[in-house]
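Engineer: Structure provided below as structure tokens; questions to follow.
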Amino acid sequence: MKLTPLSLSSKTGFGPYRLHRKGIHFVGTEPSPLKYHVLADKKSEQNYGLQGMNHLLPGKGKVHSKLPTRAFLKKDKIYAWCSCGYSGSQPLCDGSHNSIRVPDLKLKPVRFIPDKDMEVWFCNCKQTKNRPFCDGSHKDLKVEDKLEGIFD
């Protein structure tokens, strides 16, 4: 085998992922969505776990994706999970529920403060009964066929 600079390089792929190194990201995948959020620190008067009553609000948000998102949470950081499904930075809230373009769903973000470093699966279908975590509700979702019934 002939050694070339390309064969000695640890970079793979073409296009936007050509600079991703082997072992850090698989080619064609995205980094963790939590990487781009500025997460506030817990205040001394706040308890661990779910904050407020937003996780008990009735109604379900718009399905963003049928698959949950794995996230590594850090102790004493505040995470705000999007419950409406309109956030551009899923699974966390970016304030889109306050936008004019979003229907008035009366859904607010669910805030969670972990008491230790942990790995969780955030729900992306927004139909979970265990907000903000996935409970497998995405398995029961029906795919909407937009053409169904137009020829009846």
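One-based numbering along the chain as shown.
Glycine is no exception: its Cβ is also placed from the backbone N, Cα and C atoms.
All annotation found in TrEMBL is predicted automatically rather than curated by experts.
What TrEMBL shows for this protein is this:
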type	residues	note
DOMAIN	66-103	domain 'Iron-binding zinc finger CDGSH type'
DOMAIN	109-144	domain 'Iron-binding zinc finger CDGSH type'
Engineer: For the domain 'Iron-binding zinc finger CDGSH type' (66-103), DSSP counts of helix, strand and coil?
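Structural biologist: Counting residues by DSSP class gives 3 helix, 10 strand, 25 coil.
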Engineer: So what's the mean pLDDT when you look at the domain 'Iron-binding zinc finger CDGSH type' (109-144)?
Structural biologist: 88
